[in-house]
Every structure is written in C-alpha cells, then in structure tokens.
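Below: one structure, written as structure tokens.
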Amino acid sequence: MGSVKGSGPLTTHVLNTGDGVPAARMALSLHRLDPRMTIWSLVTVGNTNEDGRCPGLITSDAFTPGMYKIRFETGQYWESLGQSSFYPYVEIVFTVSDADQSFHVPLLVSRYSYSTYRGS
C-alpha cells in the first residue's frame, strides 16, 4: 500500500455522514501505547482540514510497530455546529505490526453513530 506523497504512513479522513460532508475542523490526537508501563503517550494533536483530512500525523521514522489510538473530539465538533451528540469523543485503537505499510483509518460519524474500517 502506498501513501499519498507527503501525507506520511498514517492518514485519517472524517466524514459527517449526517450532513453528507467532510468533518472540517475536528480536533484529534494520536497516541502510542507504552508497552512497559501500559500508558498512552501523546504523539501529536491536530485538526481536520476542509476536506476532513489531517495530514502529517506521524513521520515514517517515528512510526514503529505497536498499538496506537486516534482520539476524535466529536462532541466539540457537533457543538461547533450548534448541535448535540451522543458521543463526546471517539477513540479508535489499532495495532501496527508492519510499520513499512501505510495505514488509513477513516471515521464516519453522525450525531448518534459512528463507524470505522482500515482503508487504503
């Protein structure tokens, strides 16, 4: 699997399926599990762009095998649109066994549901 040039080995895309638009300006954070202490370490924070994407989450050098999570601040996103939501945030936890591959972790979100999958 190849990644889009300059986007890094890990990408995400958030779609607001309730309104049929990209989820622009959603805050998110990337974390890596420290296996010795079993605590999550913050890697980076960011916001989705107008297309619902957040490029540059992690560099290829920093992307190593292990367990990661992306936390999406869905409650703040819906509040910014003047709406309420059932989920204050969504955390997607996934395992990277081969850091030479590219990983795409999309999130499809509405005010009362969400889904995800491993994309390409």
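We count from 1, first residue shown onward.
The backbone N, Cα and C atoms fix where each Cβ goes, and this holds for glycine too.
Annotated features in TrEMBL:
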- His13, Arg53, Tyr117: substrate binding site (BINDING)
- 5-119: domain 'Transthyretin/hydroxyisourate hydrolase' (DOMAIN)
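Largest Cα-Cα distance over the residues recorded as binding substrate, namely His13, Arg53, Tyr117, equals 15 Å.
Per DSSP, the domain 'Transthyretin/hydroxyisourate hydrolase' (5-119) is made up of 7 helix, 51 strand, 57 coil.
Other Cβ atoms within 10 Å of the Cβ of Tyr117 (substrate binding site), summed over all protein chains shown, number 11.
Listed in sequence order, Thr11, Thr12, His13, Val14, Pro22 are the same-chain residues six or more apart from Arg53 (substrate binding site) with CB atoms under 8 A from its CB.
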